[in-house]
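*Asks:* Take a look at the following structure, please.
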There are 2 protein chains.
Amino acid sequence: MKYGVAAFPSKELQDLANSYRKRYDPHYELITPHITLKEPFEADGTEIKEVVEEMAKIAKRQKPFKLHATRVSSFSPVTNTLYFKVEPNEELLALHEDLHSDFFGGMPDYSFVPHITIAQKLSDSEHSDIFGQLKMAGIDHEETIDRIHLLYKLEDGSWTVYDTFRLTGAE
Amino acid sequence: MKYGVAAFPSKELQDLANSYRKRYDPHYELITPHITLKEPFEADGTEIKEVVEEMAKIAKRQKPFKLHATRVSSFSPVTNTLYFKVEPNEELLALHEDLHSDFFGGMPDYSFVPHITIAQKLSDSEHSDIFGQLKMAGIDHEETIDRIHLLYKLEDGSWTVYDTFRLTGAE
């Protein structure tokens, strides 16, 4: 089964992201707006129990993080994806690193660009138009995220939350 | 903000429900297949903290429950809604009752019919056709549910998981 780890922003920020996503993101209906903290990975019933245990430990080690969305940015020319750029900070990077320890198979090959996707799979001309508009609209939103979720993927591509972990930084 | 409490069945049962929902349920994209344990209610930031505390206590009191989906049924003539009927049992009823204690404003006016919606907002003739087909297809699926989720509703009508509570029955 395919699992992933994400954090959901506040209702306010999700509503804003959805106001764009409903028009510009074909994944709009598969999951509510989120920051991906760990890309989809395969795990069977036994492995996922170990993942849950590991995530519980991570949540005790890692503190809540500040989510500061500062501007609309694009992954172009790699993909025509627009997103709210989330400024990296110590807590967020430490959390990401902890979710990519040796237990999880180590760090990914690409660098971590924290973001909330608001548009994707655009044609080149759509991308250029919409990026122009959304850059102008901009974003400057700050909040604190105190929990992360382990999700699994259904056959239709949608995601269901399996478990929630509160970041306490207690240990 | 509007909150609700639900349990998500296994991927297997969700995939089966979605095979119908994608055709027959206009709420298909708003939430993955679920059993509603507590209908949507309003709570502000202070109230929801108390709700979370109360739900944590409930999760310690209440045990995992058996989800046994036994047949396709209909809420007609009240609404043209089709669902997998989930057999009530002691654990499920106790959980529902605990989620409707005086703290939560007491029991609802209608009786609790545990179910997983698979079709809704059908016209009378659609309802009659589809009910006939799905009754024939039938369902007999049993599994154990060991967690419940507190969700909140976004402006577009979709639901995001806020917290997860494991039913331990430890106390």
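Glycine residues also receive a Cβ, built from the backbone N, Cα and C atoms like all the rest.
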*Asks:* For the motif 'HXTX 1' entry in TrEMBL, name the matching range from B:34-37, B:66-69, B:130-133, B:162-165.
*Replies:* B:34-37
*Asks:* Would you mind telling me which of B:51-54, B:103-106, B:115-118, B:119-122 TrEMBL tags as motif 'HXTX 2'?
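*Replies:* Here TrEMBL associates motif 'HXTX 2' with the stretch B:115-118.
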*Asks:* Around the C-beta of B:His34 (active site, proton donor), how many further C-beta atoms are within 10 angstroms, looking at every protein chain?
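*Replies:* Here the count is 20.
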*Asks:* Give me the mean pLDDT over the motif 'HXTX 1' (B:34-37), rounded to a whole number.
*Replies:* 98
*Asks:* Any residues 6+ beyond the ends of the motif 'HXTX 1' (B:34-37) with a Cβ under 8 Å from its own?
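*Replies:* Same-chain residues near the motif 'HXTX 1' (B:34-37) but 6 or more away: 4-9, 67, 86, 95-96, 99, 114-116, 145, 148.
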*Asks:* Which sequence positions outside the motif 'HXTX 2' (B:115-118), separated from its termini by at least 6 residues, show Cβ-Cβ distances below 8 Å to it?
*Replies:* 9, 13, 17, 20-21, 24-25, 27, 33-35, 69, 72-73, 81-86, 134
